[in-house]
Amino acid sequence: MDQTVEKPQVQFSEGAMAEIRRYLSHYPAERQKSAILPILHIAQAEFGGWVSPEAMDKVAEILNIQPIEVYEVATFYTMFNLKPVGKHVLEVCRTGPCMLRGSDQLIEHLENRLGCKVGETSADGNFTLKTVECLASCGTGPMLQVREQFYEDLDPARADQMLEDLKALTVRKPWEENY
């Protein structure tokens with residue numbers, strides 16, 4: 001009796017594949033593995049904000065490398081989410097300068113407001129709360145990052161407004177129209 005389990009396959013959209021081909025064009029054929037970081041970013045954006053084992057396998061296939069090589073990179077960098085996340089990932093700086101300016105209180109406020117702890121996703125699926133190391137905005141803490149956007153000098157009122165603004169935001173992928 002055959003006990004083989006088929007893994008679900010993932011496919012990139014045409015827009016994502018065009019973006020991948022654009023990155024690959026920057027490298028000679030024997031160095032295309034160097035595009036692993038941007039392709040992992042594309043995979044994360046394409047497949048719901050996280051990089052599944054199946055997505056990593058697809059990246060390995062595209063780059064013609066072993067899946068373990070992709071897993072090594074994806075698990076090394078904290079910018080890649082290895083489990084499903086909310087629509088918006090709130091990355092709160094937790095290092096010294098931000099802590100001195102109130103990041104602990106900001107985290108506590110966000111946990112209470114979102115109904116989830118650091119490392120978890122809100123029940124409505126809108127927000128995942130994470131802590132990160134220095135985001136190089138030490139003079140404007142407490143602060144957090146959502147994608148490439150910084151939210152600085154946050155107090156509870158500003159944090160609440162940010163959450164409301166993010167709930168109303170339509171998130172697009174860079175290769176989609178009207179980005």
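Every residue gets a Cβ built from N, Cα and C, even glycine.
Copied from TrEMBL, the annotated features are:
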type	residues	note
BINDING	C93, C98, C134, C138	[2Fe-2S] cluster binding site
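Feature map: annotations from TrEMBL on the structure.
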residue: C93; record: [2Fe-2S] cluster binding site; CB count, 10 Å: 27
residue: C98; record: [2Fe-2S] cluster binding site; CB count, 10 Å: 26
residue: C134; record: [2Fe-2S] cluster binding site; CB count, 10 Å: 13
residue: C138; record: [2Fe-2S] cluster binding site; CB count, 10 Å: 15
